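Q: There's a structure below that I have some questions on.
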Amino acid sequence: MAQESPKNSAAEIPVTSNGQLEDSLEHSFNRDLNRSLPVGLGLSETKITSHGFDNTKEGVVEAGPFTGSSASPKSSVISPSSAAASRLAGQGCDLIIPTGSRAQQKSGPVVLADEVKNPAMEKLELVRKWSLNTYKCTRQIISEKLGRGSRTVDLELEAQIDILRDNKKKYENILRLAQTLSTQLFQMVHTQRQLGDAFADLSLKSLELHEEFGYNADTQKLLAKNGETLLGAINFFIASVNTLVNKTIEDTLLTVKQYESARIEYDAYRTDLEELNLGPRDANTLPKIEQSQQLFQMHKEKYDKMRNDVSIKLKFLEENKVKVLHNQLVLFHNAIAAYFAGNQKQLEQTLKQFHIKLKTPGADAPSWLEEQ
């Protein structure tokens with residue numbers, strides 16, 4: 001009498017809801033099981049049994065060497081399409097499979113999809129946000145120019161910015177005129193030096209006018225020397241004013257541009273929030289209003305930060321401008337006055353006072369050893 005596996009409450013699971021075994025589903029399951037079994041263990045060495053057709057939920061598949069003995073005590077609840085089924089079948093374990101959902105399951109490996117960030121999608125999202133932000137800002141600018149949109153204005157700060165821009169234009173004009181004066185003075189000094197050399201040459205070749213040519217040669221050479229000293233003072237004045245205008249003031253104006261961009265973004269998102277608040281409030285609009293509120297708050301914080309930065313930079317710029325221009329204007333006045341008064345000693349003292357070192361002629365030219 002053949003041995004029969006002892007009945008186990010966990011192993012007695014019906015195959016179908018009506019107690020009948022479907023041939024097509026059984027054939028499909030045998031084919032999947034054959035694929036999942038390891039090499040060397042065929043279906044001839046396994047047995048597929050079902051117990052308890054009186055239940056309507058699950059079926060029992062016993063995999064292992066067919067010895068006619070009772071079922072192995074090891075059992076686990078797994079899916080027939082899982083990769084673990086082949087390993088358990090090779091170890092002689094019983095596979096308890098829910099057959100109620102077997103028709104919906106597909107054989108093959110189960111892949112757990114993990115949400116991986118795609119660089120292309122991230123770039124696309126950045127482009128989308130940039131395009132949306134650009135559209136909102138452009139719409140705000142056009143609305144302001146047409147007089148339809150409202151604009152946030154800080155009267156005190158705007159007045160300081162206007163004064164700074166006006167002063168920059170005036171300082172640029174002074175800088176341009178000082179550069180013209182420097183160029184003309186350089187040409188005059190160069191001409192005086194050549195004229196002094198010509199007088200000195202004639203004083204050696206004209207014995208009857210030796211003294212007269214000699215006096216003029218000395219005068220022109222002295223004027224050329226004083227002109228070089230004045231030229232050094234003017235060039236120092238130009239360099240300092242150029243640094244103030246094209247670096248210090250320009251850096252502050254760059255911060256002002258960032259502040260104005262932040263102000264436009266702030267007004268653009270403020271306008272959006274106001275329009276959403278004027279509309280109906282329902283399940284569709286409430287998430288949009290909440291998101292718009294968050295964006296508005298973020299740009300408001302950015303606007304406040306940039307306004308504070310501009311105020312601080314304007315304050316420090318004013319202090320630096322007064323200090324720099326005070327020293328440079330005193331230098332320019334003393335050098336010009338001493339030069340045209342013919343006070344060579346005072347002119348040299350002015351350069352020493354401001355620590356200005358004159359370049360000797362030909363100092364920038366490389367030596368013949370360096371040229372070799």
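Glycine too: its Cβ is placed from the backbone N, Cα and C atoms.
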Q: Which stretch, out of 70-97, 154-181, 238-265, is listed as coiled coil by TrEMBL?
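A: From TrEMBL, the annotated coiled coil range turns out to be 154-181.
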Q: Which one of these stretches, 33-64, 193-224, 289-320, shows up in TrEMBL as coiled coil?
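A: So the range that TrEMBL calls coiled coil is 289-320.
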